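S.K.: Before anything else, here's the structure in question.
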2 protein chains.
Amino acid sequence: MTRELHVAVVGATGAVGQQMIKTLQERNLPIGKLTLLSSARSAGKKVTYNGEEIIIQEAKPESFEGVDIALFSAGGSISKALAPEAVKRGAIVVDNTSAFRMDENVPLVVPEVNEEALKAHNGIIANPNCSTIQMVAALQPLREKYGLSKVIVSTYQAVSGAGAAAINELKEQAQAILDEKEFTPEILPVGGDKKHYQIAFNAIPQIDKFQDNGFTFEEMKMINETKKIMSMPELPVAATCVRLPVVTGHSESVYIEIENNDATVADVKKLLADAPGIVLQDDPENQVYPMPADCVGKREVFVGRIRKDLDHENGFHMWIVSDNLLKGAAWNSVQIAESLIKLGLVK
Amino acid sequence: MTRELHVAVVGATGAVGQQMIKTLQERNLPIGKLTLLSSARSAGKKVTYNGEEIIIQEAKPESFEGVDIALFSAGGSISKALAPEAVKRGAIVVDNTSAFRMDENVPLVVPEVNEEALKAHNGIIANPNCSTIQMVAALQPLREKYGLSKVIVSTYQAVSGAGAAAINELKEQAQAILDEKEFTPEILPVGGDKKHYQIAFNAIPQIDKFQDNGFTFEEMKMINETKKIMSMPELPVAATCVRLPVVTGHSESVYIEIENNDATVADVKKLLADAPGIVLQDDPENQVYPMPADCVGKREVFVGRIRKDLDHENGFHMWIVSDNLLKGAAWNSVQIAESLIKLGLVK
């Protein structure tokens, strides 16, 4: 494909939107025109893209005239209102919100896992939740080779997943605590929930709001999206999601059971070392393992601490880390755009 | 028992030693004399106990003459050298290091779980690892009522478990990062290991050194000590231990399988609400759950986020938080001393 594309980014001033623009610049998509959209409040701001100044415009239905691919990351209500308008005008939407993820007519895609699902799209493609993406990217090679029968994950999630304001809150609180000054939590764990708690030097076992079953929405996203992306509706998946005083980089302690009795730790390491999008960092003797501070700005998913369970012969433990703004959001969205082009799905 | 006791604290200037002195003051042990001991380096410092000034002395074999109960928390090599000397002189030693924990002649005690094991002591009683204590305290009521067949834990551990110098390292690093200044990690994850990593705004999946099987010593402590304290050598236990930028308060995401098919979340909540040493903090609708920032200075173990697994009918998830310097160390040691007195084991 040689035609130059018209790409739009909706939510261009947000933590993820900024990473989308940066990632588009780093990659080699054939972009002829880039339209940057936002709420009315942020419209008028200027962004430099490939040396050219682009003025951010307010996102409206008619903003999508002539757009080939629109990357949305401006919150679920914006996506619900404007994604169908973009599709109506001929754009393919890659949506980073949870608005359409569980819609059975919308493919939920991590290219390393289910790129082929893109072929069945109806205009909207959903980008999964950040914590889900990095986990399924690491589990897919294991599932393909050994089968997968159980997943239990406990997450260690960064505040940038809650947006730029949450990053500021963490930094300001940390400074206040170091200075032994008073402070009032205002955003975390969930901007729209009733109570707010200290995040600096703390760990909050709540991400997104609670459901009636005692799990949070974030936990249910990990459970349901994993089953959908992997096309394994019966796979037992359990999640406990925890917010940490980390700016960027989600970590996950993952226990899995596979269907093969013979796989060794060395086999699993070799498999992951060779898998697309995965970097193996696993050398305990030399204290090599993934950490959030090391993953920032990188597109890969880092896996380490791979151990065989001491009791269950099919059980393995691992530690999965990735930049939640990149593979967890902006990069996976841009990667979906690249897959759409590669598969000839952009007309 | 009305006789006044002579109690010694070994490691009186350390993070745990200071909490031991504070806890002894808060509780009502019949202490006639308190001897505070340390390395030669810290000897000569003064501590105020119940309005009286006590000069810290260098710990030597003869320091234990006339001592009834000696609380050790000055590192494994001090315990190995001096605990037998204290016993020889008639003291009962409660040792907070890992020196004797897996010795089959040494009871490893969490009073809520296995107080009776104290009766078989041979002079030394071991205080378990901090992360183990809070977990078994919460699991014991469930095991008693429902049976217990599997435990998988991922920890979120505070730096104070690595001593006072690690607390300073976290605070200084956090300030350096906020000021965008350079810094050199020198202590964490493990003072005596080869490499040191950033802990502020990071998560390090290593606590204590690595074993040949890929697990860390901290993880193996949780696994082996849990089996010993609960007298369940065959219980499948798996642990992943992670150090966080939290000063005090360990958190744990725990998955268990019980042997009973009928227990509901309400049953488990009721059981834990009524259990000794446990505080139930579990009201998702009102965002009530335990957090490390809330547990500091409290002796109890806090449990919340109790959920039934969505796939395994005998599976439950929970979130367990406690002050690692208190129930995880100083308070459990003092509590053992109280149990010894109550059981008439201090002659």
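Every residue gets a Cβ built from N, Cα and C, even glycine.
Features from TrEMBL:
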{"type": "BINDING", "residues": "B:THR13, B:GLY14, B:ALA15, B:VAL16, B:ARG41, B:SER42, B:SER160, B:GLY161, B:ASN324", "note": "NADP(+) binding site"}
{"type": "BINDING", "residues": "B:ARG101", "note": "phosphate binding site"}
{"type": "ACT_SITE", "residues": "B:CYS130", "note": "active site, acyl-thioester intermediate"}
{"type": "BINDING", "residues": "B:GLN157, B:ARG243", "note": "substrate binding site"}
{"type": "ACT_SITE", "residues": "B:HIS250", "note": "active site, proton acceptor"}
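Each of the listed features needs to be described in terms of its position in the shown structure.
M.R.: B:ALA15 (NADP(+) binding site) falls within a helical segment according to DSSP.
In the three-state DSSP scheme, B:ARG101 (phosphate binding site) is classed as coil. Taking all protein chains in view, 22 other C-beta atoms sit within 10 angstroms of the C-beta of B:ARG101 (phosphate binding site).
Following the DSSP three-state reduction, the secondary structure of B:CYS130 (active site, acyl-thioester intermediate) is helix.
Under DSSP, B:GLN157 (substrate binding site) is assigned to a strand (E or B) in the three-state scheme. Under 8 Å, Cβ to Cβ, and six or more positions away along its own chain, B:GLN157 (substrate binding site) finds B:CYS130, B:SER131, B:ILE207, B:GLU218, B:CYS241, B:VAL242, B:ARG243, B:LEU244, B:VAL246, B:HIS250, B:SER251, B:ASN324.
When Cβ atoms from all protein chains are considered, those within 10 Å of B:HIS250 (active site, proton acceptor) total 29, not counting its own.
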S.K.: Does B:THR13 (NADP(+) binding site) have same-chain partners at least 6 apart in sequence with Cβ under 8 Å from its own Cβ, and which are they?
M.R.: B:SER38, B:SER42, B:LYS45, B:ILE56
S.K.: Which Cβ among the recorded positions (B:ALA15, B:CYS130) has the fewest C-beta neighbours inside 10 Å?
M.R.: B:ALA15
S.K.: Cα of B:ALA15 (NADP(+) binding site) to Cα of B:ARG101 (phosphate binding site): how many Å, rounded?
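M.R.: About 20 Å separates the two Cα atoms.
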S.K.: Taking only the Cα atoms, work out how far B:ARG101 (phosphate binding site) lies from B:SER160 (NADP(+) binding site), in Å, as a whole number.
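M.R.: So the alpha carbons of B:ARG101 (phosphate binding site) and B:SER160 (NADP(+) binding site) sit roughly 21 Å from each other.
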S.K.: Check each residue in the chain of B:SER160 (NADP(+) binding site) that is at least six apart in sequence and keep those whose C-beta is under 8 Å from its C-beta; list them in sequence order.
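M.R.: Sequence-distant Cβ neighbours: B:ALA15, B:ALA166, B:ILE167, B:VAL247, B:THR248, B:ASN324, B:LEU325.
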S.K.: Max CA to CA distance in Å over the NADP(+)-binding set B:THR13, B:GLY14, B:ALA15, B:VAL16, B:ARG41, B:SER42, B:SER160, B:GLY161, B:ASN324?
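M.R.: Largest pairwise Cα separation, rounded: 26 Å.
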S.K.: Non-local Cβ contacts of B:ARG41 (NADP(+) binding site) (under 8 Å, 6 or more apart, same chain)?
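M.R.: Counting only residues 6 or more apart in sequence, B:ARG41 (NADP(+) binding site) has no Cβ neighbour under 8 Å.
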S.K.: Given the binding-site residues B:ARG243, B:ASN324, which one's Cβ is surrounded by the fewest other Cβ atoms within 10 Å?
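M.R.: Counting other Cβ atoms within 10 Å of each of the binding-site residues B:ARG243, B:ASN324, the minimum falls on B:ARG243.
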